[in-house]
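According to TrEMBL, the features are:
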- 227, 229, 261: divalent metal cation binding site (BINDING)
- 227, 228, 229, 253, 254, 275, 276, 277, 351, 352, 353, 354, 358, 361: 4-CDP-2-C-methyl-D-erythritol 2-phosphate binding site (BINDING)
- 221-373: domain '2-C-methyl-D-erythritol 2,4-cyclodiphosphate synthase' (DOMAIN)
- 1-220: region '2-C-methyl-D-erythritol 4-phosphate cytidylyltransferase' (REGION)
- 221-376: region '2-C-methyl-D-erythritol 2,4-cyclodiphosphate synthase' (REGION)
- 15: site 'Transition state stabilizer' (SITE)
- 22: site 'Transition state stabilizer' (SITE)
- 147: site 'Positions MEP for the nucleophilic attack' (SITE)
- 200: site 'Positions MEP for the nucleophilic attack' (SITE)
- 253: site 'Transition state stabilizer' (SITE)
- 352: site 'Transition state stabilizer' (SITE)
Ligand SMILES: Nc1ccn([C@@H]2O[C@H](COP(=O)(O)OP(=O)(O)OP(=O)(O)O)[C@@H](O)[C@H]2O)c(=O)n1
Ligand SMILES: C[C@](O)(CO)[C@H](O)COP(=O)(O)O
C-alpha cells in the first residue's frame, strides 16, 4: 500500500511565544521541525510538508530535499486540506496527518497507527484521561466532570486517503482535529494507544518538557574505524570518494579508499554490526576493484533499518603525500552526497606523522574515523 505523512507546519505558534514560530526554534540542538520530520523518514513512502508562505527560508531549504511542499492556510484544517490536495496524483492509500509541533512522537506510535489502517478506515493515538477533571471559573473550581470514556487526542491521525480527502472537502470547518472531520463524514475511528511523551509543544514551558523527554529516550552510539592501505604502482589514489592525482596508487581488494573504509567501519562499530570485512569479505571476487561507496551506502542503510540517524562523522587521513587540504571540501561533499547528510555533518581532515613510521616513510596511508549515531 502506498503511504504518506502530511506534516502540518504552517502555524504561527502564538501561544509558545518567542517571536519565531515554534517549529523553527531549537530543541536539544536541532529545530523542532527536523526532529519531527526525521521520525517519519523510512516509515512512509512520501512526506508532505505544509508550510506558511511567510516562511521563505524553509521553502528554499526543504525544497532541496525529497519532500513534497505545499502552502498552508490560516487555520489547521485548511493546511491539512492543502496537504491532501498535494497528494492527489500519488495514488496514496494510507495517509497520516501529524502536527510538526509533536517532535517526541515515537516510531511505535507511527507504526501502530499505520498498522491499524489495515483493518480500520481510520485510527488515531489517544490517551485515556487519568486525572480528575474539573470545571472552573477563573481561579475557582465549579464542578467535577465525569472522565469516563474521555481521551486526550494525539497525532499522527491515520486515514484511508480517499475517505479523509472527501471528508475534508465536505466539512464546514472549525474542527478540533482530523478525527472530528472523519467522524462527521461517518467514518469510524479506532483508538490506538497514545504515548504520554508525544506532547504537543504549545506553551513556552513545553520546550523544556520536550527536551527532558528527548534526553531520556535518546540512544546515542559512538563508533570508531581505522584502516591502512599500502602504496603500489599507479598515478592516483581514491580518498573519501575523490580521485587525487599522485605518483603512487593504493593497493587493496576494492578501490582501496582508506578514508571511506574507516568511516564505514565507524558506522558498523556504532551499530555493533561487525566490520567491513564481515559484510564484504575480501575473499569474495565480486568486490575486487569495487567502489567503496557500495560499502558506505550499505552501512548507512543498515543504520536506518535499525532506527539510527547519523548525527556526524569525523575522518582523519594520515599521510605525508598527497596533500589532502586542497581536496578536503570535495571529499566532505562527496561523502555527504553518498550518506544523504548535510556537509556540516561531515568532517574530513588530515595530518602527517612527522615523517615517523610507515605513513611518515610514505609506505601507505592510514585513516581514523568516528561516527555518532542517534536513535530517539
Ligand atoms: N494555520 C495553521 C495552524 C496550525 N497548523 C499546524 O497545526 C499544528 C497544531 O497546531 P497548534 O499547536 O495550534 O500550532 P500553532 O497554530 O502554530 O500554535 P498557536 O495556536 O499557538 O498559534 C501545528 O503543527 C501547526 O504548525 C498549520 O499547519 N496551519
Ligand atoms: C490535532 C491536535 O494535535 C490533537 O490533539 C490538536 O487539536 C491541535 O492543536 P490545537 O492546540 O487544538 O490547535
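One is the number of the first residue shown, and numbering goes on along the chain from there.
Cβ coordinates are placed from backbone N, Cα and C, and glycine is handled just like the others.
Those TrEMBL annotations? Automatic predictions, nothing curated.
With respect to ligand 1, the recorded positions 15, 147, 229, 352 contribute 15 as residues with a C-beta closer than 6 angstroms to one of its atoms, given in sequence order. Long-range Cβ proximity for residue 200 (site 'Positions MEP for the nucleophilic attack'), meaning a same-chain Cβ under 8 A and a gap of 6 or more residues, is found for 99, 101, 102, 154, 155, 206.
Counted within 10 Å of its Cβ, the other Cβ atoms near residue 227 (divalent metal cation binding site) come to 22, all protein chains included. Comparing CA positions across the recorded positions 15, 147, 254, the one lying closest to residue 261 (divalent metal cation binding site) turns out to be 254. Cα proximity to residue 352 (site 'Transition state stabilizer') (within 10 Å) is found for none of the recorded positions 15, 229, 253, 254, 276, 358. Annotation for residue 353 (4-CDP-2-C-methyl-D-erythritol 2-phosphate binding site): spatial neighbours 318, 320, 359, 360, criterion Cβ-Cβ under 8 Å with sequence separation of six or more. Summary of the divalent metal cation site environment: with the site residues 227, 229, 261 set aside, the chain residues having Cβ atoms within 8 Å of the Cβ mean position are 228, 252, 256, 257, 258, 259, 260, 262, 365, 367. A straight line from the CA of residue 22 (site 'Transition state stabilizer') to the CA of residue 276 (4-CDP-2-C-methyl-D-erythritol 2-phosphate binding site) spans 42 Å.
Most Cβ neighbours within 10 Å among the recorded positions 254, 351, 352: this distinction goes to 254. Over all protein chains present, the Cβ of residue 229 (divalent metal cation binding site) has 23 other Cβ atoms lying within 10 Å.
Checking the recorded positions 200, 276, 351, 352, 353 for a CB within less than 6 Å of any atom of ligand 2 leaves 200, listed in sequence order. Across the structure, residue 229 (divalent metal cation binding site) and residue 351 (4-CDP-2-C-methyl-D-erythritol 2-phosphate binding site) place their CA atoms 16 angstrom apart. In sequence order, 228, 230, 364, 366 are the residues of the chain that are 6 or more apart from residue 358 (4-CDP-2-C-methyl-D-erythritol 2-phosphate binding site) and have a CB within less than 8 Å of its CB.
Taking Cβ-Cβ distances under 8 Å and a sequence gap of 6 or more within the same chain, the neighbours of residue 15 (site 'Transition state stabilizer') are 202, 203.
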